[in-house]
Amino acid sequence: TSKVSPKPQDDMAIDISEIDRPAEWEFLDYSHPSNAVMLILTPMGIVSHFAGWSGTVTFVLNFLCCIPLSCMMARVAQQVAHYTGDVIGGLITATVGNAAELILSCIALRKSRVDLVQASLVGSMLSSLVLMTGLVLLISGIQQKEHAFNSLAVSANSGLLLVGYMALSLPTLYVSLAPETSNDLQMSYAAAGALAIVYIQFLYYQTTTHSHLFTGRKYDTMPQMSLAMALMLLSVVSLVIMIHSELLVRNVEPMVHSAGFSERFVGAIILPVVGNAAEFFVAILAAMRNRLPLAIGVAFASCTQIAVFVVPFTVFVGWTSGIKMDLSFHPFEVVVLHLSVLLVAELLRGGTATWFQGSLLLATYSLLAFGFLYLPAMPLPFPPGQA
């Protein structure tokens with residue numbers, strides 16, 4: 001552990017010069033399991049592409065590379081948050097937590113893989129809301145018979161998610177009722193703009209007027225590295241994730257043909273493992289330490305960030321790139337999003353949780369996975385937006 005020089009008790013400011021520099025390298029110690037896996041897999045994932053290995057092997061290697069990299073980004077973002085205060089620090093942590101999802105979506109958009117992006121966004125929301133919440137409820141419920149948490153925070157997040165899902169539903173419904181329309185893209189832009197405004201309002205609500213409803217915003221421990229070192233690491237890790245994401249997206253099609261999966265199944269069930277790896281790590285660790293309110297907060301925060309930040313961000317990226325990234329999703333995706341948020345809100349509205357609620361959510365996610373596995377690519381009455 002790092003040693004910090006004594007400070008006067010009335011001085012709560014962080015003096016960077018007093019932090020032992022070895023702590024930075026201790027943070028990056030490659031004997032740590034995730035760092036060791038990253039060190040081994042990263043060169044293998046890159047070599048697999050240039051050496052002409054099979055597309056499936058290249059996909060799997062680069063997929064595995066992104067998981068420890070995402071976790072490292074989350075750890076470094078927490079170090080940055082020590083220096084920026086609660087409001088900016090919370091925003092940085094939440095944004096970096098979805099950095100892998102953002103990078104994957106932007107690269108897939110650049111290759112005009114709109115269906116893959118849409119499925120990945122929906123899958124990330126479902127994995128955070130249903131799978132992550134179910135896992136933390138089950139883990140904490142096994143350790144303790146019953147847990148209490150703040151149901152008001154769950155209610156606020158659930159309401160925000162319903163607004164976000166409505167923004168996804170309206171363009172889908174509009175296209176189904178008027179398939180020959182040319183205004184579907186304009187409606188998607190309007191919905192994305194509304195979601196961006198809602199996101200800003202929610203940040204103010206979460207960090208200022210009602211911050212007492214949310215956990216995980218205070219940083220009472222000393223940082224383990226300097227701000228400059230943390231920012232440099234964020235840049236380097238982001239660049240490496242971009243490289244692996246590029247190779248990942250390039251080899252989706254060979255993976256689909258080899259494994260027999262549909263592209264939407266890969267986007268909705270497999271790719272969210274990369275995008276949500278950091279949040280899963282934090283949430284499960286909190287549940288194992290019997291901190292269920294924090295674990296639920298991480299799950300809802302991840303899903304909310306995707307619904308009202310990542311989704312409109314991808315729409316605006318498509319707009320500026322000349323790619324038709326609209327919010328006309330597959331009708332199955334829109335329906336299961338609404339049903340999922342209603343189910344989770346109903347299970348948690350009492351402010352108490354047991355392992356059985358977690359088991360119900362895990363069973364629900366299994367049904368969703370089977371649904372995506374056998375989902376038709378293009379239902380005729382409700383065509384999703386295509387480039």
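The first residue you see is number 1, and the count goes up from there.
Note that Cβ sites are derived from N, Cα and C of the backbone, with glycine treated the same way.
Bear in mind that TrEMBL entries carry predicted annotations, made automatically and left uncurated.
As annotated by TrEMBL, domain 'Sodium/calcium exchanger membrane region' applies to 55-207, 231-371. Residues or ranges marked as transmembrane segment in TrEMBL: 88-110, 116-140, 152-175, 187-205, 226-245, 265-287, 294-317, 329-348, 360-377.
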Within-chain partners of the transmembrane segment (152-175) [C-beta distance under 8 Å, separation at least 6 from its ends]: 125, 129, 181, 183-184, 187-188, 191-192, 194-195, 198, 202, 205, 210, 213-214, 296-297, 300-301, 303-304, 307-308, 311, 326-331, 334, 337-338, 341, 344-345, 348-349, 382-385
Contact between the transmembrane segment (360-377) and the transmembrane segment (116-140) (at least 3 Cβ pairs under 8 Å, separation 6+): yes
Most Cβ pairs under 8 Å with the transmembrane segment (265-287), selected from 116-140, 226-245, 294-317: 116-140
Dominant neighbour of the transmembrane segment (329-348) in 116-140, 187-205, 226-245, 294-317, by Cβ pairs under 8 Å: 116-140
Positions whose Cβ lies under 8 angstroms from the transmembrane segment (187-205), at least six residues beyond its ends: 87, 91, 156, 160, 163-164, 167-168, 170-171, 174, 304, 307-309, 311-312, 315-316, 319, 325-328, 385
